[in-house]
Amino acid sequence: MSWLSSLYPIFIASTAFCALGLLLVAIILLSRKFLIKVHPCKLRINNDDSLTKTVDSGKTLLSSLLDSGIAIPSPCGGKAACKQCKIRITKNVDEPLETDRSTFSKQQLEQGWRLSCQTKVQHDMNLEIEERYFNASSWEGTVVSNENVATFIKELVLSVDPARPIPFKPGGYLQITVPSYKTNTSDWKQTMDPQYYSDWETFHLFDKVIDHQSLDANSANKAYSLASYPAELPLIKFNIRIATPPFINKSPDPTIPWGVCSSYIFSLKPGDKVTVSGPYGESFMKEDNRPVIFLIGGAGSSFGRSHILDLLLSKHTNRELTLWYGARSLKENIYQEEYEKLEKEFPNFHYHLVLSQPLQEDLDKGWDSKDPIKTNFLFKAFELGQLSKLPNPEDYLYYVCGPALHNSSILTLLDNYGVERSSIILDDFGS
């Protein structure tokens, strides 16, 4: 029993330490409740009294405007990564944050330009907002399906009211609003093909509880490119990749949270209701008859599909269209059958699939691991298979979308071949 007696002081100390920690947390929460007082603030917009909004203090300017029915685009979900939620404050401008300093010039900062996702509403302000943002609206969609199309990518299909279609253009995006929620990743198996289970099990991704029940209304939203084209309405489609924590010894780091928006989307089931707002976008098709090359990787498949199907099936274009799509293996490839069918039907459409890490099962099916145009990083395969053979690469349009490394590699490659930045349309949500 002596060894039990020796543990008694340790037990008492540990208990006291935990109790003290809980007490400090309670004090902090109570202090916030009673010391940080919420008060009404007026946001006067474009010097128009009829547009003045009264909001509670404490939230970001981005969230406050969204609560008031003005959806400023923020593709990165308010993380100051995409730098698209720019807004000009003309009265009562606070000191710029570091995120503002890295975004705007000194002159712009003096003029009151700020990132609305980082600016807290603490007092009355006068704002200048582009009129196009007043045309953005919200829609409620119903989940039709939410199946995995790759190990970590889902195709979310929503149906919206056909009497109120969304006026989007190919290359555009919508913001998905995330309510408070709680989910267990094991429940996601309901909308996942069993072929993807093994990778999730290898990285211990199942049976993880993700709890965001404390989310404020409209505090979380993220933009996703549309994979559908207008003729598919009232259905709209997205390709969405799950944002997992970084891995440590083949397990997600428990100290890093899962993506708030992507986890919510992965938890959706047929029949669920989803709120989207928009439409937004700048990466539309340039109507100048130049041939177009799409350089797409991963979940960038949304961006490519929307443009390509609209050009071929709705606009019946005669422009030469080439798609280079990069995936790790055939299991990760998206829309292959659809593109192969289009290639047979339209002589002006050319489809190239490039695998960076083909599986043994891919090789067993006849995939050529020795061909550098089929098995390679996409930017290298594209250079070997097409770019180096073009007499005038600058005469083409290049539409680029994919992971950050994919995008940067393509941009560097095109720059090396003398392609002007104005001929490159990059769909990049701050990745």
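Each Cβ is built from the backbone N, Cα and C atoms, and glycine gets one as well.
These numbers come from a predicted model, not from an experiment.
The transmembrane segment feature in Swiss-Prot is assigned to 10-30; the stated evidence is sequence analysis.
Per Swiss-Prot, the feature domain '2Fe-2S ferredoxin-type' maps to 41-133; the stated evidence is sequence analysis.
DSSP assigns Cys117 ([2Fe-2S] cluster binding site) to coil in the three-state reduction, outside any helix or strand. What Swiss-Prot lists as [2Fe-2S] cluster binding site is Cys76, Cys82, Cys85, Cys117, and the listing cites sequence analysis.
Feature annotation from Swiss-Prot assigns domain 'FAD-binding FR-type' to 136-286.
Swiss-Prot lists 289-413 with the feature region 'Catalytic'. Residue counts for the region 'Catalytic' (289-413) under DSSP, split into helix (H, G, I), strand (E, B) and coil, are 59 helix, 26 strand, 40 coil.
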Original post:
Quick one: mean pLDDT on the domain '2Fe-2S ferredoxin-type' (41-133)?
Top reply: 89
Original post:
Of these binding-site residues, Cys82, Cys117, which scores lowest on Cβ atoms within 10 Å?
Top reply: Cys82
Subject >> binding-site residues listed as Cys76, Cys85, least Cβ neighbours within 10 Å >> reply: Cys76
